[in-house]
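What Swiss-Prot records for this protein:
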DOMAIN    2-117  domain 'MTTase N-terminal'
BINDING   Cys11, Cys47, Cys80  [4Fe-4S] cluster 1 binding site
DOMAIN    143-372  domain 'Radical SAM core'
BINDING   Cys157, Cys161, Cys164  [4Fe-4S] cluster 2 binding site
DOMAIN    375-437  domain 'TRAM'
Amino acid sequence: MKRYFIHTFGCQMNVNDSLRMSEVLSQMSYAPTPVPDNADLIILNTCSIREKAEDKMLSALGRYKPVKASRGALIGVGGCVAQQEKDKLLKKVPYLDFVFGPDNIARLPDIIGRVSAERERVVETAFVNSEEYVFPRADPETSRGKVTEFVTVMKGCDNVCSFCIVPHTRGREVSRAFPDVLVEVADLAKVGVREVTLIGQNVNSYAGGISFAQLLLRTAEVPGIERVRFTTSHPHDLSDELIEAFRVQPKITPHFHLPVQCGSDRILKMMRRDYTVVQYLERLAKLREARPGIAVTTDIIVGFPGETEEEFEMTMQLTEQVRYDNQFSFVYSPRPKTGAALREKDWGPVPHEVKIARLERLQKLQRRISGEITAALVGSEVEVMVEGHSRYDATKRFGRTPENRTVNFDGDAPAGSFVTVKVERATPNQLAGKQVALLKPPTVEPLPVPMAEAPFHVVAEA
């Protein structure tokens, strides 16, 4: 049997796409391998949100070149870099066999067949017409024994933020019909999945026959589902209806990832974000009033063209004011075809060393805030959904709180259980403690394997 290895870069959408790739390959009688040197097929599922991710991809391709020389392995590149660069990648990497975009995962059998039979180098990056697009869905049998799963509800983005390449690599917004979403969720619940994460580039603008708030509420009503998460959201589309859903349905987890990007109204306007800092804070205040204790995380870009020291300080002040539970912060990276990249010289590029210094200051501030938030939980008891053995110590269990905080703990509850854990230690990014009570057993017999890791054939990195 031929074996495959998938190397994933970037966001949860890419992780989900890689899982769908693995299902397609399994149907082709490929088996996964955790060792790329043993693979007959290597796929890099790429991210182009930052230049650094592209550099990592090219570095990884270089590492996999000897596998092609020794085993004759096929090497393909999928994801957003593939969509962006198309046939340029074949010219840049002579040993690359095929390139395919996010819309073309279902065509992998044809692509691989053409490469194998005809030794043809293939590029498939056409966006599928919205009426013809078939959303990837998890195979319930593949998901059997898992306790958490992604469910795609939409793709693409109609916002044109000046820093973002996603509209060019993922296309226009297309929403999945809500009955199809609910059928997939129900199928997953029947095989033991207890938490689903509804994903899309901008889920708040979902338009699959009902509003996104209504979709969340209906998903929470599916028998067997205990937790409903989602990502990613745009502050401009955070509606009162969605906030009310957090108030009335406890299964919608108290965690909201709400990317602010920066703390300056002038920069937000240049970014084309369509909200001000005051408007963002007003939405956030309503959310916290509706769901006290909700964990809020964010994305921040440092060193956007034209950002002054005073404007960076506004971002620092906003971080201190909001007290995010965590944040994903990066230096600005110009992306092809984006408005900011085209106007960077006019707006004034921020020197690299200034970007790095600002990022280090911001991340230091966030580590302090995150540490204060988690330290306050020491001595308390938290609810944890057990996902399996800890990746750090196989004698311990691993899971997450409703607020999406990682917990490693002493206990014996199987994956899929809900337990109470007394928090004994905390770092800015995780909690540790011991199990003190079993709240709910799993709904199906758990698999006798660790669940804390991603599937071993999908190696993910940012």
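For all residues, glycine too, the Cβ spot is worked out from N, Cα and C.
Highlighted in sequence order, Phe9, Gly10, Met13, Asn14, Thr46, Ser48, Ile49, Ala53, Gly79, Thr169 have their Cβ within 8 Å of the centre of the Cβ atoms of Cys11, Cys47, Cys80, the residues recorded for [4Fe-4S] cluster 1, and are not part of that set. When the Cα atoms are compared, Cys47 ([4Fe-4S] cluster 1 binding site) and Cys161 ([4Fe-4S] cluster 2 binding site) turn out to be 17 Å apart. A simple Cβ count within 10 Å picks out one of the binding-site residues Cys47, Cys80, Cys157, Cys161, Cys164 as the most packed, and that one is Cys80. Helix, strand and coil content of the domain 'MTTase N-terminal' (2-117), in residues and according to DSSP, is 68 helix, 23 strand, 25 coil. Across the domain 'TRAM' (375-437), DSSP helix (H, G, I), strand (E, B) and coil residues number 1 helix, 36 strand, 26 coil.
Excluding Cys157, Cys161, Cys164 themselves, the residues of that chain whose CB lies within 8 A of the CB mean position for the [4Fe-4S] cluster 2 site are, in sequence, Asn159, Val160, Phe163, Ile165, Val166, Pro167, Gln201.
In this structure the alpha carbons, written CA, of Cys80 ([4Fe-4S] cluster 1 binding site) and Cys161 ([4Fe-4S] cluster 2 binding site) are 17 Å apart. In this model, the domain 'TRAM' (375-437) carries an average pLDDT of 96. For Cys11 ([4Fe-4S] cluster 1 binding site), the count of additional Cβ atoms within 10 Å of its Cβ stands at 22 [all protein chains shown].
The separation of Cys157 ([4Fe-4S] cluster 2 binding site) from Cys11 ([4Fe-4S] cluster 1 binding site), Cα to Cα, is 15 Å.
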